[in-house]
C-alpha cells in the first residue's frame, strides 16, 4: 500500500502497513521520503535543462561537451531512481529493481566523470590526440563497469530495504561488506584520484605558461585551454565529492550502530543524494561562456537557426598546423573549435 503524502501522523500510526521506520515515528520517515522525492524531481528538471542547452547551443560538436552530455543523461536516470520509492518497504521485485537501478546509474555517473578526466589527461599531459574510437571506448566502459558493480550484490541476494529506500541491505556482515566494497571504497578512491589528476594537469599547463615564448603561440593556446576546459571541468568532481560526504557519514554510522539511526544525518543524505542533476545544471549554466550565450538576443538567434537552414560559416585555424575540428584529434583542434564558436557568436550579434 502506498501512503499519500498528505496522510496525517495519526493515520500513519493506525496503519498496518510496515514502513520499516526506525526514527521513532512514521511522520519523520514521511518527511525524509518526501524530501528525497521532491529534490529528485528538481534534479530531473535540471538535467533536462542542461540537455536542451547542449543541443540548442550545439555544444555536442565537441567531444568534451558530449562527455558532459552523457554524464547529464546518466544523472537524469539516477534522479528517476530517487523518485520511484515506496513507503511500505518490503523485499521483493520492486525493491530489488530500485536498488539495482540506483547502483547501476550511480556508478554510471562516476564512470562518466572518470571518462572526462581521462580524456583531458590524454590530451594535456600525454599530448596525444583523441578520435571517435575514444568515444566508443568511453561508452563501452560506462556500461560494463556499472553493470559489473550492479550485478555483484545479486550473488548474495543483498538488494533489499536499506533504511527508507531500497539498496544493499544491512542485516548481515556480508551485506555491510558489499556496501563498502561495491560503492563507498572504490568511488571515494576514484574521486580523490581525479583531484590528484586535475592538479597534475594544472601543474603541467602552468609550467608551459610560465615558460612563455612570444614567438611561440603554444603558450597562449595552453592558457586558453586552462581557462576554457580544465578549470570548468574540475567543478564536476568537486560537486560530486561534496554531495556524497553526508551519505558516507550516514552509512558509516548506520554500519557501526544499525539499531540507532540519527535523523539529522538521514535528512542530510535525503537532501544531498538527489541533488546531483541540479548541481550539474548550475555548474554548466554558470560557466562564463554559457552565460554569454544565454543572453536573450543570442538565444533568439540559436532558436531561429534550429528552425531554418543557415549558410555554413568558414572556419579559420588559430595556430599553425591546426587540424580540422570535426575530427577532434588534439587539444589544438578543441581550441580551434572554441575559436569557431566565438566567430559564430560575433556573427550572431551582427545579425
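The backbone N, Cα and C atoms fix where each Cβ goes, and this holds for glycine too.
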With TrEMBL as the source, which of 161-178, 215-232, 233-250, 287-304 is set down as transmembrane segment? 233-250
Can you tell me which parts of the same chain pack against the transmembrane segment (136-155), counting only residues 6+ beyond its ends and a CB-CB cutoff under 8 A? 67, 70, 74, 99-100, 103-108, 111-112, 115, 118-119, 168, 178, 181-183, 186
So what's the average pLDDT for the domain 'G-protein coupled receptors family 2 profile 2' (29-288)? 84
